[in-house]
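Enquirer: Attaching a single structure in structure tokens format; questions to follow.
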2 protein chains.
Amino acid sequence: MSETAGAAGVGPMSHAIFRVARLHKSLAGRLLRETGLHPGQELTLMTLWVDGPQRQVDLAAAIDSDAPTMARSLARLERDGLVRRTRSDSDRRVVLVEATEASLACRPKVEAAWQELERLTVGSLSPQQQAGIAQDLRLLESNLEPLDP
Amino acid sequence: MSETAGAAGVGPMSHAIFRVARLHKSLAGRLLRETGLHPGQELTLMTLWVDGPQRQVDLAAAIDSDAPTMARSLARLERDGLVRRTRSDSDRRVVLVEATEASLACRPKVEAAWQELERLTVGSLSPQQQAGIAQDLRLLESNLEPLDP
DNA sequence: GACTATTCCTTGCTCGAACAACTAATTTCT
DNA sequence: AGAAATTAGTTGTTCGAGCAAGGAATAGTC
């Protein structure tokens, strides 16, 4: 059954991160599917729900996305009536984004999906294990973050 | 400074996994860029280099991809002369994929990039820390894997 | 032998991600 | 005040990812 075949022997950590991320994202996508949202959109909406209206550039920074991705994602959310965009009067470059009232309808479902995702990901682990994993993830993040352009 | 703003408070583990994965993938993409490959393609090639010619469906399974993604990725690799595809005679449904001789030219660069990725990701950590992280990733994976469709 | 799965692959669609190039508005510097 | 640099968004292109639908070859069944 050797699961050690193929490219897995090279860079075991990177490969493990890759696989965990893929499984996690896949699961998130499936849970989110019931809300009608696509993976990534829910982060944008939750940020808007929690932090209120804000500029695109701040929104992109808040969820670690970039400007082009955010612009297109917001265009789709706006098309679907979940988001409203208006040009700022004080600075005609910026576009202010806010969640619509219609978007609030799916907020409970989105938050339930996130809770379910969290539960399925680490719910079966002991608090000690969870704490260890949280710390390790912080460690990895602090290692990788300075390399981000 | 509160970095605890926004959607980060909901599902902290999921969010952390998300961020680590994003940073890691971004770094991998940048390192791989010098080889001329796109993120994902290097896994395919390394599997072919290590395990030799094989069917598309096995290749997809080996790197946890799916058939459509693999088909299109291989079409691009074939277009770029890194991969050769031939229909099997014993079973006319299957396409056998093999790495071309030309692809071997970038193998050293790809493997160097993976080593560099691994080094940047966990190189600065103690063996104990690395072991702990490896174990935690296995834990997460064994938690998530049964949920995969 | 024919009818029905099943397997392998492809194509169409929508989406996120990253890079480059571009417009427009604002700030900074001289 | 005018030129240069910076900032905010958009658009184009390429790619990976996932879902759905379909075609072609094979295996299984009656």
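Each residue, glycine too, has its Cβ placed from N, Cα and C.
Annotation comment: TrEMBL describes B:10-142 as domain 'HTH marR-type'.
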Enquirer: When DSSP states are grouped into helix, strand and coil, how many residues of the domain 'HTH marR-type' (B:10-142) land in each?
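Expert: Counting residues per DSSP class in the domain 'HTH marR-type' (B:10-142), I get 90 helix, 12 strand, 31 coil.
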Enquirer: Over the domain 'HTH marR-type' (B:10-142), what is the model's average pLDDT?
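Expert: Mean pLDDT, the domain 'HTH marR-type' (B:10-142): 92.
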